[in-house]
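Student: Dumping the structure here so I can ask a few things about it.
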């Protein structure tokens, strides 16, 4: 079995990845809160963990990897946005309208970014029973308490490892100083956090745990503990009915650096306290932060960019015959390519220039594949082992893309295509369709005239009249026509393909 090494946030070092059970490798990633269009910061973990998902499937087999990415559809941000967007509706109706709209948009965005769908996408509102049961387990074990119709996690109740703050590598004093925590009067200690809260009249609410007489809703942190339990533990012998702590650990938990504290710290506290485990997951992976043009992305700085705005932007020319879907898919793959050029743990600086450069380079790759499609059809597309080696070393996508560039420079279309396909950058129909509108920009030159000039150039080359041949090539280039000389696969004779220059 291939050796995989990843940086583990839990231990702050690279480690060999050894799955608990190689026939069911389990990955959980924190997904979106569906109250607004996803922004490009949200796109980064979606793309990063899609690459990890693809690698795990390659190594262990498609049917042996379970990837769960949750959807948070109950949250105070959702309530506030729903009331603002749909003031004419009752709040619960407004919430349903908002969450369905933003969830559907998120699905469309991730598809345009070239991502595979996760194995499972649990929604918080479908797992309220598991949340209540988990909260009641924490109450029974003395790790939670009730106060004014709330249930709170007691941080001081943790006596064994992992102690609270060990994941974030912070002491309680450091966390108190750096955290913006609610110091409500019903808390025993300021770092205690909400597992369940009462709902005001008109707010969404469900039957509360532990006999609390009013309707309520879960806190954010308990949602992920419950959903990961429901999808990655309970189906495989773990969960609340299992007394063996070793059965209540899964393989990989992922998310952004911003989630380390408090969200992931609190998830670990809840899950480990409920199940008596030393770890919630064996490997924790976090992608780095994203900036826009060297600055923190913020609505106040007017540099807040949604995935949707990228997909709908006109950062490069298209001719008028493209469908909206094709435009958006090209923009999505360009954005994906741009992000993969930075290692997932490094900060990523998103710039318009870099997006255009990525789009231009990706276009050239497609041009090679289109020119060599006959040759590609003769050979099986087997992923080059050097690409898998690069990804096996902590998802080193920059190194892997450097290898793809070498394939391009050598004209190795077969290896380039298989690599692009593995990275989610290849749409086969764009290569196979000789008249794909993406590669058919308008020109003022008549096609018959172009073909005549190409024939004349080939004659000059045959006669070794290089200067005259180059003159024809240069004049066509000035009109936006790019020539590519190839050998006819049947006769071995030189022939020339032409495309309208894309950039």
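For all residues, glycine too, the Cβ spot is worked out from N, Cα and C.
So Swiss-Prot says this about it:
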BINDING   30, 224, 263, 267  Zn(2+) binding site
BINDING   299  ATP binding site
MOTIF     32-42  motif ''HIGH' region'
MOTIF     296-300  motif ''KMSKS' region'
Student: Give residue numbers and ranges for long-range contacts of the motif ''HIGH' region' (32-42): same chain, 6 or more residues beyond its ends, CB-CB under 8 A.
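Tutor: Tertiary neighbours of the motif ''HIGH' region' (32-42) are 71-73, 75, 77-78, 80-82, 98-99, 102-103, 105-106, 109, 256, 289-290, 292, 297, 304-308, 310, 335, 350.
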Student: Name, in the order they occur in the sequence, the residues of the same chain whose CB lies under 8 A from the CB of residue 224 (Zn(2+) binding site) and which sit 6 or more residues away.
Tutor: 28, 30, 70, 263, 267
Student: Out of 263, 299, which has the highest number of nearby Cβ atoms, where nearby means within 10 Å of its Cβ, if these are the binding-site residues?
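Tutor: Answer returned by the neighbour count: 263.
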Student: If the Zn(2+) site is taken as the center of the Cβ atoms of 30, 224, 263, 267, which further residues of that chain fall within 8 Å of it by their Cβ?
Tutor: 220, 221, 223, 225, 253, 255, 259, 264, 266
Student: What is the total of other Cβ atoms whose distance to the Cβ of residue 267 (Zn(2+) binding site) is within 10 Å?
Tutor: 25
Student: Is it possible to get the count of other C-beta atoms within 10 angstroms of the C-beta of residue 30 (Zn(2+) binding site)?
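Tutor: Other Cβ atoms within 10 Å of residue 30 (Zn(2+) binding site): 23.
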Student: Can you check how the pLDDT averages out over the motif ''KMSKS' region' (296-300)?
Tutor: 86
Student: According to DSSP, which of helix, strand or coil covers residue 30 (Zn(2+) binding site)?
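Tutor: Its secondary structure by DSSP: coil.
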